[in-house]
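> Got a structure for you, questions after.
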Amino acid sequence: MFWIELIVVLGMLLIGARVGGIFLGMSSGVALAILVFGFGCTPGSPAIDVIMIIMTVVVAASVLQASGGMDYLIQVAINMLRRNPKRISFYAPLISWLFTFMCGTGNIVYGILPVIAEVSREAGVRPERPISVSVVASQQAITACPISAATVALLALLAPANITLIDILIVCVPATLIGVLVASFYASRVGKELAEDPEYLARVEAGEAAPINEKTDFQEKTFGSKEKKAVWLYLLATVIVIAFGIFPDLRPTYLVGDKMTTFSMTATIEMVMMIMAGVILLATKTDVRTVIEQSVFKQGLMGVYCIFGLTWAGDTLVKSNLDFLKAGAQDAVVANPWVFAFVLFFMSALILSQAGTLGALAPLGISLGITAPSMIGMFPAVSGLFFVPSYATVLAGIAFDRTGTTRIGKFVFNHSFMVPGLITCFVSVAVGLGLANVLL
């Protein structure tokens, strides 16, 4: 019966992914209803902790965007790129990783991509090289960021195993950075030089693309103390979160029954982000009504709805078939935990959400006996969002490259992001598993 139920759930997810957007949550609800009413499965539980984490982080990031802080960060990134045009194939991915790491959302890369495209073209560098890895780097940084929904979701799931935020960071920060650097080295040698690329030369002749060395006039925005203050306060929130992770004694303890319990790190992060969102709003005198109008808020709310349905349906399927899964797959998964990394990768490519993938599959991995260190090591595998060229930042990267070097191939899957993305994920997971084995 499990296989039939799995086909039903995957079928509904495929339909949801096909329609796109918030419909993924709706189709997950249909899958849940079929499991409960059709197959008589006992309803599981939605990942409430994950949902609450996403809500608090999304609101804080939306306040940062509404205050102009995110635009200020983008301007800083632009200035950094223009100062080092010849090394853009390496600097652009690192900047994308760093700024996503600081903000907890990959949305910031939208403002950087057009600059990467034009600066690389001006320097005679094939834009495909920095753009492809920059998009992937922004996805990988989510799994290294201390305040991203995916990282905090993993922390909540592994809290019973006494895993701390620092345990995740000491593995995933170096692992993802190494993965991005290796992919950047590969991408820096991809394709013909821009001056020799026939597609680009044809576009220049047709007037559809600017020639090499023709400068693009990027109007530099002027920012005041308001935007800078918002950024520093947001970064302070990140520092506070890390401090609570490093020094658990900073968190209060209270008596539960006969046992002293430390206030959970998950709840601490939620509280810090709620407070700092309010502090940023008041300190910068941002109009509270503009917060819910930001793109980060709208996309985040859609993500919450989808994850609600995904995790509820996933938990119902797993818990109703746990004995069957343990009997058939536990030994193989425990002996070869990297196999589960492939499952995480392809699920993330399907549902296009790192936190949603974790919420749907991590409980299964834990139930099958995958250790907490192994789960942390394979965490970067949830960044397979580039695999199908339908993710928003992938499409944006293609659209902003007017030279035509960043493209979707004839066979769809042979697109510009595929090999750099696979290299980044493979190296990050390999390094992550190695570091987790040594450090945890």
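Keep in mind that glycine also has a Cβ here, set from the backbone N, Cα and C atoms.
Automatic, uncurated: that is what TrEMBL annotation is.
Reproduced below are the annotations present in TrEMBL:
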- 7-38: transmembrane segment (TRANSMEM)
- 50-74: transmembrane segment (TRANSMEM)
- 94-117: transmembrane segment (TRANSMEM)
- 165-187: transmembrane segment (TRANSMEM)
- 231-250: transmembrane segment (TRANSMEM)
- 262-284: transmembrane segment (TRANSMEM)
- 339-366: transmembrane segment (TRANSMEM)
- 378-400: transmembrane segment (TRANSMEM)
- 412-436: transmembrane segment (TRANSMEM)
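Each of these features: where is it, how hidden is it, and who are its neighbours?
Through the fold, the transmembrane segment (7-38) approaches residues 302, 305-310, 312-314, 316-317, 320, 350-352, 390 of its own chain, all at least 6 residues removed from its boundaries and within a Cβ separation under 8 Å.
Within the chain, the transmembrane segment (50-74) has long-range Cβ neighbours (under 8 A, six or more residues past its boundaries) at 99, 102-105, 107-108, 111-112, 147-149, 152-153, 156, 221, 223, 226-228, 230-231, 234, 237, 266, 269-270, 273-274, 276-277, 280-281, 284, 286-287, 290-297, 300-301, 303-304, 307-308, 311, 355, 358-359.
Long-range contacts of the transmembrane segment (231-250) within the same chain, counting only residues at least 6 positions beyond its ends with a Cβ under 8 Å from a Cβ of the stretch, are 60, 64, 69, 72-73, 102-104, 146-147, 164-166, 169, 262, 265, 268-269, 272-273, 276, 279-280, 283.
Through the fold, the transmembrane segment (378-400) approaches residues 20, 106, 109-110, 113-114, 116-117, 131-132, 134-136, 138-140, 142-143, 150, 154, 168, 171-172, 175-176, 179, 337-338, 340-342, 344-350, 352-354, 357-358, 406-408, 412-413, 415-418, 421, 424-425, 428-429, 432-433 of its own chain, all at least 6 residues removed from its boundaries and within a Cβ separation under 8 Å.
For the transmembrane segment (412-436), same-chain residues at least 6 beyond its ends with a Cβ under 8 Å from one of its own Cβ atoms are 128, 131-133, 135-137, 140, 143, 170-172, 174-176, 178-180, 182-183, 186-187, 190, 337-338, 341, 345, 373-374, 376-381, 383-384, 386-389, 394, 397-398, 405-406.
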> Would you kindly list the residues that approach the transmembrane segment (339-366) from elsewhere in its chain, counting only those six or more residues past its ends and only Cβ-Cβ distances under 8 Å?
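For the transmembrane segment (339-366), the sequence-distant neighbours (Cβ-Cβ under 8 Å, at least 6 residues beyond its ends) are 13-14, 16-17, 24, 47, 50, 53-54, 139, 142-143, 148-150, 153-154, 157-158, 303, 306-307, 310-311, 313-315, 318, 325, 332-333, 375, 378, 381-388, 390-391, 425, 429.
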> Can you name the far-off residues of the same chain, 6+ from the ends of the transmembrane segment (94-117), with a Cβ under 8 Å from a Cβ of it?
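Those are 57-58, 60-61, 64-65, 70-71, 73-74, 77-78, 80-82, 88, 127, 130-131, 134-135, 137-142, 144-145, 147-149, 173, 176-177, 180-181, 184, 218, 234-235, 238, 295-296, 299-300, 393, 396-397, 400-403, 406, in sequence order.
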> Which residues of the same chain, at least 6 past either end of the transmembrane segment (262-284), have a Cβ under 8 Å from a Cβ in it?
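Distant contacts of the transmembrane segment (262-284): 49, 52-53, 56-57, 59-60, 63-64, 67-69, 147, 152, 155-156, 159, 164-165, 226-227, 229-230, 233-234, 236-237, 240-241, 244-245, 248, 251-254, 291.
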